[in-house]
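Visitor: Starting off with a structure, shown below.
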Amino acid sequence: MTSNQLAQYIDHTALTAEKNEQDISTLCNEAIEHGFYSVCINSAYIPLAKEKLAGSNVKICTVVGFPLGANLTSVKAFETQESIKAGANEIDMVINVGWIKSQKWDEVKQDIQAVFNACNGTPLKVILETCLLTKDEIVKACEICKEIGVAFVKTSTGFNKGGATVEDVALMKNTVGNIGVKASGGVRDTETALAMIKAGATRIGASAGIAIISGTQDTQSTY
């Protein structure tokens, strides 16, 4: 796989609280320069990213219910609508992990369905936070996402105790079939990214995108 091909797997990511406007501008410039698929940013920076990415092919991805996923469903749906109105091309929502742990699967499904409906055709990725789930819970969550028809299931927020693993990516891919799988959290080098892709990932979320496509080591990135 060429570096240009690998770049098209990457959502170039900046989600930590201290990221400022200059950081987001730099992120957008890097995404254009290296041909990344998208930038993944908090929704307050969508207007800035829209301005910086004008005329390019780089998409704007934003997060909803991030990073805990425990917001009211109505709030998630409203956040989704407002983000799309502002210019988001893709939505990454966080599933309600507490409801999964409470076996409230109907509520889990309704939560995702509400955001999916709010997307109104905009691609939706559902973040499972796999490090907090059992294998059975991962499978059940993936089955719900497949039934609803979301665009992707995603491993992690990158804000918890663990990120993507090859094992979890393979399990998710085997469960969802043709739906996309996004590996995120802890993917910081070429070898790891390629292992995730081999396991079934069709998108990589990373703040170390430049290191991933260039084959260098990134010791600074946190996502």
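Cβ atoms are placed via backbone N, Cα and C, with glycine included.
Under the heading active site, proton donor/acceptor, Swiss-Prot lists D92, K182, citing sequence analysis as support. The active site, schiff-base intermediate with acetaldehyde annotation in Swiss-Prot covers K154.
Context for these features, please: burial, neighbours, distances.
Guide: D92 (active site, proton donor/acceptor) falls within a strand segment according to DSSP. Within 10 Å of the C-beta of D92 (active site, proton donor/acceptor) there are 27 other C-beta atoms, taking all protein chains into account.
Counted within 10 Å of its Cβ, the other Cβ atoms near K154 (active site, schiff-base intermediate with acetaldehyde) come to 29, all protein chains included.
All protein chains included, K182 (active site, proton donor/acceptor) registers 28 other Cβ atoms within 10 Å of its own Cβ. For the recorded site, K182 (active site, proton donor/acceptor), the DSSP three-state label reads strand.
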Visitor: Sorry to bug you, but what's the C-alpha spacing from D92 (active site, proton donor/acceptor) to K154 (active site, schiff-base intermediate with acetaldehyde), rounded to the closest Å?
Guide: 8
